[in-house]
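**Q** Take this structure, written in structure tokens, and hold onto it; I'll ask about it next.
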Amino acid sequence: CLPQHRLLRRHPRFRREGQLPDTRTVGRINYPVLELQRGHAKPPFPKTHRRPAHPEFCPKRISADEMVTLSSAHSIGRSRCSSFSDRLYNFNGTRAQDPHYATSLKATDRNTCPVNGGSDPTVALDPATPNRLDNRYYAEVRAGRGLLTTDQTLTERPTTRRYVDVNARYGVAWAGKFARAMVRMGSIDVLTVNQGEISRWCSMVN
């Protein structure tokens, strides 16, 4: 869609030491109709367990390092309670809470997302720096404060945990990796002008 993300990156609150290189392509051509069956790989959904998540990306040649790096997009933004409430009230169908859910978040998130709340409010994906794209996300994940299942289970496999540790420690290197991984994602299954359209709005077809 139109380069909204690129424009957001120019805002001072999204800048950091080793800021992201300004080399992203824009105006990607999309299919005029969303078809989930297109392609061989789909991104993991919020409740997807991380162990099978990386194989979903393999047909698109996204490495484990790139997958962990791209996950830090959750450093900014908010999530609907419905995307993670199972961790609070019915983890894996046990009618119990996820044992890995950070104690420091339980009371706040339960208050915001009551079990029978009716509405579906939002919670910051990264409570430490909710409006800043940075590598603090990884420190939160290491401390057990990843909000989504796909965030927190990054620490369960030795391979992905190693990348979490490296990205948490080296912020400047992470920024470069994130920019390159975003460009790489943007180059997957690129369409020609006769195959689709450039969306004027990200949430709908023209």
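Glycine too: its Cβ is placed from the backbone N, Cα and C atoms.
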**Q** If you check TrEMBL, which of CYS1, CYS113 bonds to CYS81 via a disulphide?
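**A** Here TrEMBL pairs CYS81 in a disulfide with CYS113.
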**Q** If TrEMBL is the reference, give me the range from 1-26, 131-156 marked as region 'Disordered'.
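**A** Region 'Disordered', as annotated by TrEMBL, spans 1-26.
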**Q** Using ASP134 (Ca(2+) binding site) as the reference point, find which of the recorded positions HIS74, CYS81, CYS113 has the shortest Cα-to-Cα distance to it.
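**A** Going through HIS74, CYS81, CYS113 one by one, the Cα closest to that of ASP134 (Ca(2+) binding site) is HIS74.
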**Q** Around the recorded Ca(2+) site, report the further residues of that chain (criterion: Cβ within 8 Å of the mean position of the Cβ atoms of ASP126, THR129, ASP134; site residues excluded), sequence-ordered.
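**A** Apart from the listed residues, the neighbours are SER75, ILE76, ALA128, PRO130, ASN131, ARG132, LEU133, ASN135, ARG136, TYR137, GLU140.
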**Q** Express the distance between the Cα positions of CYS113 (disulfide bond) and THR129 (Ca(2+) binding site) as a whole number of Å.
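**A** So the alpha carbons of CYS113 (disulfide bond) and THR129 (Ca(2+) binding site) sit roughly 20 Å from each other.
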**Q** Between ASP126 (Ca(2+) binding site) and HIS74 (heme b binding site), how many Å separate their Cα atoms?
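**A** Between the alpha carbons of ASP126 (Ca(2+) binding site) and HIS74 (heme b binding site) there are 7 Å.
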